[in-house]
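According to TrEMBL:
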REGION    1-28  region 'Disordered'
TRANSMEM  39-57  transmembrane segment
TRANSMEM  77-95  transmembrane segment
TRANSMEM  116-135  transmembrane segment
TRANSMEM  155-173  transmembrane segment
TRANSMEM  194-213  transmembrane segment
TRANSMEM  225-244  transmembrane segment
TRANSMEM  264-285  transmembrane segment
TRANSMEM  305-323  transmembrane segment
TRANSMEM  330-349  transmembrane segment
TRANSMEM  355-383  transmembrane segment
TRANSMEM  395-415  transmembrane segment
TRANSMEM  484-503  transmembrane segment
Amino acid sequence: MEEKKESQQIEFSKGGNAGDTENQHPDDDAEEFHWNLPIFLNLLALFACYFSSTWALIVPSASIPFIVARFPQQARIAAWIAASVSIPNCVLQALMGELSDILGRKPFLITDKRPMLQGIAGIIAGLASIAGPIIQGAFIKHNVGGANEGWRAGFYMSAGFFAMTLVLLVLFYHPATRPSAEGGMSISRRILEIDWLGVFLVASGLVLFLVGLQYGGNPYPWTSARVLCTLIIGAVLLISFGFYNGFIRKDGILHHALFEHRNFAICQVLSFVGGFVLFGGQAYLPQEITNLFTRDAVLTGVYNLPFNFLSIVGSFGAGAIMGKTKEAKTLVVVSFVLFLVGSGLMAVMQPHINFAAWFFPTAIFGIAVGASTLVLAVVVSLCTPNEYIAHAMSLLASSRAFGGSIGITIFEQIFSSKEKDILPGKISTAVLDAGLPSSSLEEFLIGSEHGITSALLNIPGVSQAVLEAGSSAMVQGLADSYRFIWYSLIPFAFVTLVLAFFLMSTKAQMTRQVAAGIRH
């Protein structure tokens, strides 16, 4: 069988832009695409990757309040649990795309099927995001492995899912040779051609800068040498990376061919802000639920259902609509309108509201995250030359993870600052009004910070009424602190909403071309 038929691929001319329809073969000339068992097996392996990766992303964030209960002395650095996922994700994605383009990881589906398949992938990931918190909650509630140890079971399951995925990838994932911008260059030569200086600059710069942001104010002061050195050195390295890839190395990590189409750069910014909500929401929604509504581990997973389930609906719905209309711009604009609406509604949340009142803002966020994540991925794959698709998709994921890392840091700094400002005043007013002697106030505030009720009862003047007043005031103070997180998201959502209007149409790019086939 000829190589062309074996891979079912249509190549772009070297350096061609996927956004330029003159570089594409018309649909009538495109080789006919057929669904068959090898394609379904390839998809099975890839969807297993989606499931296991999403589980590993969701379960740690959903477990944060319960990990803190096991290690209360380390509560101030709980944000690192979420950051430990987003920071490596951000750094490694910048390199993985280029390596996968060289060593072999390519789309093998025709371009007009991408929205549908991306939608199905979103459903698979959504199932993990729904099942993960509830299953993990059951482990925690029933103290699997011991008191306050149930959260470990979800991590063990994650290891099992990754092992299963590895087997499926080895057995079934066999993409054909990618379209290559380097012609017949050997793999070893291509590896030597990788932008290793750019890799060093961006990896070291991102790690230092993001670690500095996480350190700042918690646990170290912003003016400390540890924070300033990591921030400044990281920023200098990132600026150097931008200068190097902008003016010296034009075929590096930020390959200039990727930016020939306007949609690519716009999607990077939009994905950055989407990461704010995706990673920040996953880190802080479970904490807001446990502090304001319920400490039942299973119910915490249930309260997360609107966000997680509607992200499936948003992903699949956006895929179906885009597959029908072949237009992405309207979907992106609507997604960021929903970000704005969701932020505003989350900012007015009050303790002890019913589930219906919680459902709508988190559901709106879920639809926005699911739709925007899918549509931006499809847009980037369409506006990128075929030989750089993996590279482009990795940069998109890196932008999202970078936004998530920044978002988690911003959210943590805002929440910690407001908590320190709001809680003491609210608790003091409430307990003094309930009859606590002023001489016992300082001791009561210190005890409240540690959350040990039995110790509070030993403080002179503390009654059940004082405890109830202090508890209610603390919950209200936490609610008032959380709302500033959502206030901070509003300006970012507004700016990106305006930017979304500058996206170009995708109709001309939604063809029946095959970017690269599979090996039979």
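Glycine residues also receive a Cβ, built from the backbone N, Cα and C atoms like all the rest.
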Paired segments the transmembrane segment (330-349) and the transmembrane segment (484-503) in contact, 3+ CB pairs under 8 A: yes
The transmembrane segment (484-503) in contact with the transmembrane segment (264-285), cutoff 8 A, at least 3 CB pairs, sep 6+: yes
Residues of the parent chain within Cβ reach of the transmembrane segment (116-135), under 8 Å, 6 or more residues beyond its termini: 43, 46-47, 50-55, 58-59, 62, 109, 154, 157, 286, 298, 300-302, 304-305, 308-309, 311-312, 314-320, 323, 370, 373-374, 377-378
Other parts of the chain folded back onto the transmembrane segment (225-244), taken as Cβ under 8 Å at six or more residues beyond its ends: 197-198, 201-202, 204-213, 215-216, 252-254
